[in-house]
Amino acid sequence: MRGCLQLARWLSAAPNWPASSLLKAPGSSFATRLFTTTSSYKAKGPSKVPMTDLEARISAIPIERYRNFCIVAHVDHGKSTLSDRLLELTGTIKPGMNKQVLDKLDVERERGITVKAQTCTMIYNHKGEDYLLHLVDTPGHVDFRAEVSRSYASCGGALLLVDASQGIQAQTVANFYLAFSQGLELIPVINKVDLPSAEPERALEQLEQSFELDTEDAVLVSAKTGLNVEQLLPTVVEKIPAPIGDCKRPLRMLLVDSWYDSYKGVICLVRVFDGEVRAGQQVVSFATGIKYYVGEVGIQYPLETPQTVLRAGQVGYIFFNPGMKRSKEAKIGDTFTTVGSEKAVQPLPGFEEPKAMVFVAAYPVDADHFEHLEDSINQLVLNDRSITVQKESSEALGAGFRLGFLGTLHCSVFEDRLRQEHGASIIITPPSVPVKVVWKDGKEDIITNPNRFPDEDDVRMKVAELQEPYVMATLTFPDEYLGTVIELCEANRGEQKSLEYFTPTQVILKYELPLAQLVDDFFGKLKGGTKGYASLDYEESGWKPSNIVKLQLLVNKAPVDAVARLVHYSQTDRLGRQWVTKFKEHVDRQLFEIIIQAAVGKKIVARETVKPYRKDVLAKLHASDVSRRRKLLEKQKEGRKRLRAVGNVVIEHKAFQAFLAK
């Protein structure tokens, strides 16, 4: 009560302050919390807050001097390190302040990879004039292609980065064609020229031969030491076109990304194409029709820095006040405009939704933590809409979720984020891929959960065809490993499509492979067989007929639903033997015999037995009492048989956890 009275006195002392200015008032953390959480607050119009020196400098820059660009490359070619040097060069951060400033997730710093495309605004003075540069650091791994594609929507050009010692790799090729198809201006950059093994001339030759790029404007740099990095920004200013937009038109704003903040709620990353947006405006979503009041707008500099306004051509963040009621309201690719301008504004085309192609089941280690796991998953999915989520239940592991991902690394990173950012203790099943069932009546179903796969009789009587997804894999590696790579691809049911040398010693090999083989540690085997020199990229190539079966684990003839997998028939013997051997290691002995089997339908493909505890029923007998001995042994045998028939096998939760661990 005392706190409320003090707040009332404080507010009455400044009756003319608009609520939005309280949000911006220095040191007003309590006021901020009050006005950003209450649903009764409604802003009455754009707020007027004094400009900071930074914002005054930005407001003086016309859209003709905006440059939006990204850095694209194969994984581990130095994108994040180069981003650091550019931020230092423009004075956005202090030299040596932090390594990989734009890699904000713990999992990114641990693995040394970029998972989420991150943005930053910079101001660069070129020939006496300020330029507003907007940089996007994109992921390099194929699993995060959707992040790269979305980043291109807010850019007018890209730095195509190539490692001077490794040359063009698989994802360099993929990222080039993706950027080229969207009409981005590409600037070749050769990185790591300070390495003893660097061959910049060879890398430039590869760029000319593979992409027909003019390498006269290529910049040779070392992001690690900063060598020649200062030559990049003049090239960006002169080569990359300014964004097209008009501040006088009605607001047209694209939602590029979103994430969750425990204090502010859902925060949206937006690209303003036309008009301007400021705190206090009421905007409406074209996708949902829901109206919101803008609570705050700002830029990433590199941290969230509030601004009075975001204008046409800028990329920044906004959050609403009151915030979005549900995280699903933040639809990536949605267009926003001011209320009343809906008919005057044409919504932007948005993004193609990526399809999840790798599925796992996730269960809490402790069933009491199910709600915490659900909240954690929903918060992470807000930041990554390519993940699909469905609730499911298992007799062995209880309530859980069926999660869909773009690839195995995508899945692994999500699992790490659940553990690190939310403290979740989870059990994850091995990854599997969907199967298409074509019924004889012409209907088609996509099966992502093995427990919904038709049984053996239905497959024989009602199913016309089973199909599995295939991908077109592009592999690049030194020619000395050609035999090893071809052997690996053939062993994984691959079909060779093309083979070409893009240099006298470097090979590009294309194979059509089942996606199921790719998620079964294909990349690890490829790296091992080529001593780490091979790189891999892939894209979907459709569905093909296949002999798919359901492999089950049986414990005393009862199926363990959490372990079932859909596999190609040729893999059943190998996988079945692995399953029963591994599961036996984690099952405790009991009073009766436990039979562990791997089965396809009614056919048993592998078996192991856990022997029971032995009780010596003959201990008190006289050695000569043969008939009594036989009678007691027969009685014990019958008792064990009866116990096995009616007794439930008690399998500890940790046994499943150990069995499903990689």
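Each residue, glycine too, has its Cβ placed from N, Cα and C.
Given the structure is predicted, the values throughout are model-derived calculations rather than measurements.
Annotated features in Swiss-Prot:
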type	residues	note
TRANSIT	1-42	transit peptide
DOMAIN	64-244	domain 'tr-type G'
BINDING	73-80, 137-141, 191-194	GTP binding site
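Taking the domain 'tr-type G' (64-244) as a whole, pLDDT averages 82 in the prediction. Neighbour counts of Cβ atoms within 10 Å were compared for the binding-site residues A73, V193, and the top value is held by A73. Neighbour count (other Cβ atoms within 10 Å of the Cβ, all protein chains): 16 for D76 (GTP binding site).
When secondary structure is read from DSSP and collapsed to three states, A73 (GTP binding site) falls in the strand class.
In the shown protein chains, 28 other C-beta atoms lie within 10 A of the C-beta of T138 (GTP binding site). Secondary structure at K79 (GTP binding site), taken from DSSP and collapsed to helix, strand or coil, is helix. The 10 Å shell around the Cβ of K79 (GTP binding site) contains 27 further Cβ atoms across the protein chains shown. Look at V193 (GTP binding site): DSSP puts it in coil.
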